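Data first, discussion second: the structure below is written as structure tokens.
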């Protein structure tokens with residue numbers, strides 16, 4: 001019997017619902033099939049996002065600021081919908097069905113976008129001579145929005161479950177599979193970057209030189225093929241049962257604490273309610289004492305519901321361990337809030353920086369670099385930074401400090417600092433571009449500004465290097481410092497920083513457009529033609545906000561007290577029921 005049990009995975013089942021056979025399910029090959037979906041998702045989403053602003057301005061004739069906001073709202077919604085995808089996966093569908101369902105939705109979205117860019121009825125006529133360009137009408141924009149937000153919905157569902165379902169294929173209790181799981185995470189971000197690299201080079205080139213409908217059609221077909229490959233592994237996957245949404249558990253603690261707000265806490269914390277098994281308990285802390293009131297035993301609280309195994313009503317009484325889990329999530333919020341601005345600066349790399357590039361000299365020999373492809377330097381910075389960190393910095397840091405690398409908080413700090421430097425560099429480059437444009441008269445026309453596009457490389461490289469640190473740092477931080485049962489939610493919390501960063505970008509653009517619209521001779525900072533605006537001032541504003549945000553982050557990081565691991569209590573070595581040690585390189 002023991003020999004037979006050793007071939008099964010304790011907390012996983014196969015596609016028929018039987019205990020998963022270790023020799024027939026899981027491992028690296030099924031995980032690789034799941035990574036295929038992630039590559040195609042990145043290819044589609046980033047291939048659309050990095051070059052969409054040129055289509056909106058050049059073909060649909062939207063103003064510069066409106067085009068930027070369409071892109072940032074699209075990306076913000078994509079990441080915000082990760083919360084919906086995570087909730088459905090945890091509560092109703094499970095990760096496998098969530099990935100299959102939302103990948104089909106994304107396939108439909110990219111197919112719709114291919115049609116929207118192909119049919120002449122779905123775009124305004126081209127500009128002729130000096131006549132005023134006609135903007136896209138409501139119907140044309142409506143079809144575009146349907147396509148974009150189908151893609152956003154698909155992205156949200158996929159991103160919430162891909163990493164978790166990938167780690168479900170490994171048994172963390174088996175040393176061999178645990179090492180394979182670490183390899184999976186080390187390569188996960190690499191695959192994301194590979195998909196992005198293909199998007200900003202091959203796909204953007206096809207959009208500009210062959211046709212957007214062809215490029216978006218390739219996205220749709222590639223995602224459809226990836227879905228078929230994903231479904232082909234159905235019999236090989238391991239499946240884990242959904243544990244329910246932690247959002248409900250959080251609200252239960254908050255509601256119970258509010259209802260008992262007038263009750264006094266006992267002098268001895270041992271009098272607070274606790275029914276969690278000893279091996280799984282989280283010890284009481286003094287942070288957020290108000291939440292402790294949810295564990296005060298009031299009159300009638302211990303009256304059991306029907307059934308011998310029924311527990312007290314969780315909306316009235318929560319055990320200390322559940323309260324401490326909510327405290328742990330609350331302690332993450334200051335770090336969460338101070339990382340949002342990074343993704344606001346990141347958004348500029350796909351909007352205004354691409355617009356800058358579209359006005360500059362981009363020829364190398366006889367080859368014209370597509371404006372959207374300049375983000376290849378952004379992706380290259382990520383890959384170079386990760387390689388240098390892994391091969392050079394980590395060994396040196398281990399010899400000097402005795403630690404395998406920077407802590408997650410140190411990585412986040414580096415990311416924030418580099419992004420602020422990137423915005424300062426962007427402001428300097430824009431000053432140079434505007435000087436040349438005005439000196440040559442290019443600011444009065446729509447012609448090319450005779451200055452090389454390569455002066456924009458520093459801003460792409462600095463923000464790209466910043467993403468390499470902050471993405472891995474955030475992922476590590478939110479997973480290792482969250483309760484074991486709330487890791488799906490903590491991953492969603494991490495992704496909301498991306499979402500809110502894009503939305504803050506849209507808000508900031510709208511505010512600057514409104515407040516500064518009367519400056520600069522009536523053109524404002526963000527003019528419809530960026531040659532008439534003061535984009536350098538906008539970048540400078542982001543750099544100043546970055547300095548202020550960095551100071552707030554340092555205060556938050558000093559205040560934060562990392563939870564120390566304890567045997568069987570705080571073994572936070574799983575990411576969405578997977579693995580990531582406190583010093584995981586991600």
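Cβ coordinates are placed from backbone N, Cα and C, and glycine is handled just like the others.
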Listed range which TrEMBL flags as transmembrane segment, given the options 20-39, 40-59, 100-119: 100-119
Transmembrane segment per TrEMBL - which of 409-429, 514-534: 409-429
From 449-471, 564-586, the residue range that TrEMBL assigns the feature transmembrane segment: 449-471
Contact yes or no, the transmembrane segment (538-560) and the transmembrane segment (100-119), 3+ Cβ pairs under 8 Å, gap 6+: no
Result, the transmembrane segment (100-119) in contact with the transmembrane segment (213-231) (3+ CB pairs under 8 Å): yes
Long-range environment of the transmembrane segment (409-429) - Cβ separation under 8 angstroms, sequence gap at least 6: 335, 338-339, 341-342, 345-346, 348, 353, 356, 455-456, 458-463, 465-474, 476-477, 536-537, 539-540, 542-543, 546-547, 549-550, 553-554, 557, 560
Leading contact stretch, 74-93, 139-158, 326-347, 367-389, 492-512 vs the transmembrane segment (100-119) - CB distance under 8 Å: 139-158
Selection from 74-93, 188-207, 367-389, 492-512, the stretch that has most Cβ pairs under 8 A to the transmembrane segment (449-471): 367-389
